[in-house]
Amino acid sequence: MEAPAPPRGLIIFLNGTSSSGKSSIAEALLRTLDEPCFHLPVDAFHAMRSRRDIAPDDLPGVLERTWRGFHRAVAGMAAGGNTVVVDHVLSQPWRLLDCLGLFAAEDVVLVGVHCPLPELERRERARGDRPVGLAASQLANVHAHGVYDIECDTAAADPLECARRIKEFLPRRPTPTAFQQLRRSLGVTGPA
């Protein structure tokens, strides 16, 4: 006897630079969405790593394995039928390619989280837990793929307003989705 397949999960994929407001939108989505959902921020995965010093030559490999594991955890939660709000920084092309190959493209809502550089820099200084200049270093690459299902400007709208816009968008998602378009344009295959 086989267990029935779980319902398909939904991935609400928030992509933006550090300090752009992704985590604040994710927290607002958890309060706003009708169904139970999970916020999976990559920062939580980095925080789970042991606190021992990592040699500079080893750090890139450790970080890449962390990101790849994070992507697979997201895919697993969605495959289990869960709604997952992902907090991500697509600042390196391989990260997008990895996600495109793992996630069911029709079940991903790709959200561009934008914020003007002066406001990003102000937020970095106010936070104190990010190096000033991190967001600026990510800005040119994080949105380079260019295609989104929906976009938010966190300098113009607060997190709750962004979350409400995303919630209102969900029942009328277009086909093809941004992930489907990106798969086609980049020649990536993945789960149906």
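Each residue's number is its place along the chain shown, starting with 1.
Glycine is no exception: its Cβ is also placed from the backbone N, Cα and C atoms.
Because TrEMBL annotations are produced automatically, they should be read as predictions rather than curated entries.
Noted in TrEMBL for the protein shown:
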- ASP43: active site (ACT_SITE)
- GLY16, THR17, SER18, SER19, SER20, GLY21, LYS22, SER23: ATP binding site (BINDING)
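Here the features listed in TrEMBL are painted onto the structure.
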residue : record           : contacts (Cβ under 8 Å, 6+ apart)
GLY16   : ATP binding site : LYS22, VAL89, GLY112, VAL113, HIS114, CYS115, VAL142, HIS143, THR154
THR17   : ATP binding site : VAL89, SER91, CYS115, LEU120, LEU134, ALA135, GLN138, LEU139, VAL142
SER18   : ATP binding site : VAL89, LEU120, GLU124, ARG130, LEU134, ALA135, GLN138
SER19   : ATP binding site : CYS115, LEU120, ARG123, GLU124, ARG127, ARG130, LEU134, ALA135
SER20   : ATP binding site : VAL113, HIS114, CYS115, LEU120, ALA135, THR154
GLY21   : ATP binding site : VAL113, CYS115, CYS152, THR154, PRO159, CYS162
SER23   : ATP binding site : HIS39, PRO41, ASP43, ASP87
For the ATP site built from GLY16, THR17, SER18, SER19, SER20, GLY21, LYS22, SER23, further residues of that chain with CB within 8 A of the site's CB center: VAL89, VAL113, CYS115, LEU120, ALA135, THR154
Recorded positions listed as LYS22, ASP43, least Cβ neighbours within 10 Å: ASP43
Structural state of SER18 (ATP binding site), classified by DSSP into three states: coil
